[in-house]
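Listed in Swiss-Prot:
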- 108-120: compositional bias 'Polar residues' (COMPBIAS)
- 356-371: compositional bias 'Low complexity' (COMPBIAS)
- 388-406: compositional bias 'Low complexity' (COMPBIAS)
- 504-514: compositional bias 'Basic and acidic residues' (COMPBIAS)
- 585-597: compositional bias 'Basic and acidic residues' (COMPBIAS)
- 146-221: domain 'SANT' (DOMAIN)
- 1-34: region 'Disordered' (REGION)
- 96-120: region 'Disordered' (REGION)
- 334-411: region 'Disordered' (REGION)
- 504-624: region 'Disordered' (REGION)
């Protein structure tokens, strides 16, 4: 598409004012006529030809354009600090910088002045001395060896020889075992007259294995490590190293090497046999899960709870047939799943029993009860039909729920909980809590009187109300102490109540005995009557005083009953009336006589009637 076509599409006029200029003529330069390889190289460039810049050659061009002087080198001596011979000196080439040396010398002279210059003949150390790492072997004294390092098969000289080899060869055990040549020194015998000791005893040499050398070295190292720093003060890496060396087992190391050697030297047939055994083991492991499930199902079938029903129903042929039909029906219903005690439901869906055995026993008992007057075959045919009817919807729903539920866990007994350390803690609320809050709740739930009683008991035991250091163990013991104190106070409360009831009944008994006693003769002198009335009044006052003492004790404990309190109040009123008018008869004597029981028809004296009135009022109030 040309420019004129574009202008026609865009409805633009011709932009040319004058005549169009003619095209410039291309001046085609003569192309070189190349042939062969030069032509192919020229064509590789395409439209952009390769520019070939001619190289300007110079005659006898200088090789090095730098005008710097050549570096100077010198032979410097040095030493190697890793070597034991300090006088051994070596030499190597080092670059010498004259300018830098001149500047350093001038600066040192200016800064130091008249100070003595350091020695120039000090030798530099080798750069490879830092790679010579010395192994630290355990060191011990004669006393330490005699105390903790003695061994039956090892002497001190041989142990020293082993440690020297370990230090020389940097604990490279193959080299140590290869260079280990211990010859025990000869023991001289008795000398002859001429002084000849030809009867010297040379002990036999003993060959040491690599594991024996390791075991002896690790034993010495672990014991000396524990002697220098106790085990309880070691860090975690030090303790791990100590445990590794102290529990080195040479026999296990030998077995490991033998196993590795046998694995490397086995033949192809043995390798194939081992591979086949490994494949068989994998198959066994793959089938083990299914085998375990079947075994668990069998155990569940055998480990059923004992039934309390009578087994006489299963002694007949009809009972056995009915039992077999029930078991088959239960298996079909559960689709060959495990018959757990909580998962088995009754096929009829009426009353689900606990186990399949119980269900079959109940169904069989019902069938045996219905077969009275029938033949055994009829009972055997009708019994299973009644128990194997179609299950309604509720039974199916219960079966599904039972399948979804997990297996119930067996509850542990008290002995098993103590054996396994099972504890039951209180449920904690949200947010942080303190142990002291739990103790404060034990006090806050009590009344003021009970809190005072608990505080008094704790003061008697010299136990503070608030714990100084409420740790978990201390808090637990404190809770047990408070529980024991509460039990003690409850027992005291019940004891006081029983004592008060016993005293009340004793007073009633004494009153009844006085009522049933025969009346005295009317010819008794008036002075005698007066003395008797005074004596009775004294008895009434003593009884009232006893009741008053009981009342004060009951007020202190705060646990007296309403009946006892009423009796005490009546006793106090009676004591006041008796003390005010001991000789005057009371106004309500006739009324009191009417209120007496039918057995007390004889006349009584003033003190007896008053006590009878008190006891009757207390009985009425107790009835109310």
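Any Cβ shown, glycine's included, is placed from N, Cα and C.
For the domain 'SANT' (146-221), the DSSP counts in helix, strand and coil order read 35 helix, 2 strand, 39 coil. On the 0 to 100 pLDDT scale, the domain 'SANT' (146-221) averages 84 in the predicted structure.
With helix defined as DSSP H, G or I and strand as E or B, the compositional bias 'Basic and acidic residues' (504-514) counts 11 helix, 0 strand, 0 coil.
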